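Student: Submitted below is the structure of interest, expressed as structure tokens.
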Amino acid sequence: PKPLGEQPAAKAESDADHKLPKPLDDILIALIRQRDPDTLVSEFVQASTVSSRFREWHRVYDVAVSRLTSFGRQDGIEAIIEAQKPFLETSNEGFATRLIRLYGRASMPSHAAATFHELPTQHKSTMTFNALLAAYAEAGDFDGLTAVFQEIPATHPSIVPSVYSYNILVRALCQKPDLSAALDVVLLMEKHGVSADNVTFNTLLNGFSNNGPTDEAEIVWEMMKERNLEPDAKCYNAKLRGWVAEGRIDDAAAVLERLEKDGPKPDTVSYNELIRGYLKAGRLQEAKKLYDDLVKNHCAANKGTYETLVPHLLQAGDLDCALRYCYEMFSRKRGCRVECGVLQDVVNALVDASRVEEAAKLVDIGRKKYYYLRKGLRMRGSGKGSELRAETDE
């Protein structure tokens with residue numbers, strides 16, 4: 001990226017929306033729908049450099065960068081982000097953070113680093129430093145992240161890493177994986193007067209459960225005990241996940257039972273981990289009972305619960321239970337949007353079992369809920385007229 005000094009000076013503006021070729025709302029909608037990368041870039045740059053209100057719309061930046069990334073158009077991403085830099089001087093710290101993070105989402109961490117170094121002095125802060133760390137993490141450049149973590153605080157004394165900064169570093173080292181170095185970060189934090197929190201140790205526990213025998217994580221549990229930190233449900237979920245991965249289903253079940261009795265209260269993820277373990281071991285009835293326990297203990301089954309259970313129920317021929325779970329999912333006040341294919345498999349199984357009316361009812365409920373925009377949910381053999389669409393985030 002070009003240094004800020006080589007960018008044209010940003011013009012003072014009050015509200016230049018009148019310079020836009022059409023109303024701002026229409027431009028935003030058109031850009032979100034735009035599939036031609038060259039048109040997307042040119043129209044984005046034109047609108048963003050004219051309108052300060054446009055630059056407040058985070059969503060359109062995210063969509064544009066995501067779409068250009070899918071097209072492999074890093075040149076277009078660079079054009080869009082570089083066009084924003086003349087406005088950094090008069091924008092807030094959040095705007096600077098956004099530009100850095102966008103380069104990370106596009107897997108362009110060196111551009112994110114260059115952007116950080118080009119920032120006006122008032123925006124070189126722990127907040128933008130954290131954004132740069134997150135950009136390297138999103139790009140999967142863990143060595144680069146480690147180097148930046150050492151370099152920037154050393155050359156910018158006003159930037160002091162926070163617990164959030166250290167937690168990004170710990171997560172990166174666990175993903176690398178370099179678990180020994182991740183453990184050393186806790187000592188580094190304490191050397192600089194920053195206390196590790198539950199997020200730090202939960203990240204370490206997940207790192208050990210994902211990259212080695214779960215028993216090796218005992219060192220992390222001991223570190224928490226030494227620091228008088230009470231583990232929360234997320235910490236125990238890491239243990240559950242590790243034991244399920246190792247096939248130690250009964251050990252995992254014992255942990256969940258102890259949590260139900262003594263606390264901390266297990267959450268939906270706790271139950272999902274053990275449900276996954278039971279299904280992996282072919283213990284479907286125990287998985288179904290655990291689903292009932294989840295509900296009795298006032299946890300809400302979520303997307304992961306249903307997407308794990310329903311396919312196994314269909315595979316076992318337990319169509320009645322699969323259908324019941326679908327109805328329970330739809331009855332949730334806040335809804336629960338599983339992948340459309342999960343419901344489609346239930347519809348198809350009902351049709352195959354000559355339960356056509358029940359299949360049609362399930363499709364109809366889907367129409368009234370979420371599955372009506374894209375990726376059709378339909379009766380087998382139906383035409384386009386009866387197609388229901390599954391909602392997407394875009």
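Using N, Cα and C of the backbone, Cβ positions are placed for all residues, glycine too.
Per TrEMBL, the features are:
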| type | residues | note |
| --- | --- | --- |
| REPEAT | 162-196 | repeat 'PPR' |
| REPEAT | 197-231 | repeat 'PPR' |
| REPEAT | 232-266 | repeat 'PPR' |
| REPEAT | 267-301 | repeat 'PPR' |
Student: Cβ under 8 Å to the repeat 'PPR' (232-266), counting only same-chain residues 6 or more beyond its ends: which ones?
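Tutor: Sequence-remote neighbours of the repeat 'PPR' (232-266) are 198, 201-202, 205-206, 208-210, 213-214, 217, 224, 273-274, 276-278, 280-281, 283, 293, 297, 299.
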Student: Count up the helix, strand and coil residues in the repeat 'PPR' (197-231) according to DSSP, in that order.
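Tutor: Going by DSSP assignments, the repeat 'PPR' (197-231) contains 26 helix, 0 strand, 9 coil.
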Student: As a quick check of your reading of DSSP, tell me how many residues in the repeat 'PPR' (162-196) are helical, how many are strand and how many are coil.
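Tutor: Here the numbers are 26 helix, 0 strand, 9 coil.
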Student: Summarise the repeat 'PPR' (267-301) by DSSP state, stating how many residues are helix, strand and coil.
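Tutor: Going by DSSP assignments, the repeat 'PPR' (267-301) contains 26 helix, 0 strand, 9 coil.
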Student: Taking DSSP states H, G and I as helix and E and B as strand, how many residues of the repeat 'PPR' (232-266) are helix, strand and coil?
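Tutor: DSSP composition of the repeat 'PPR' (232-266): 27 helix, 0 strand, 8 coil.
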Student: Given the model, what does the mean pLDDT over the repeat 'PPR' (267-301) come out as?
Tutor: 95
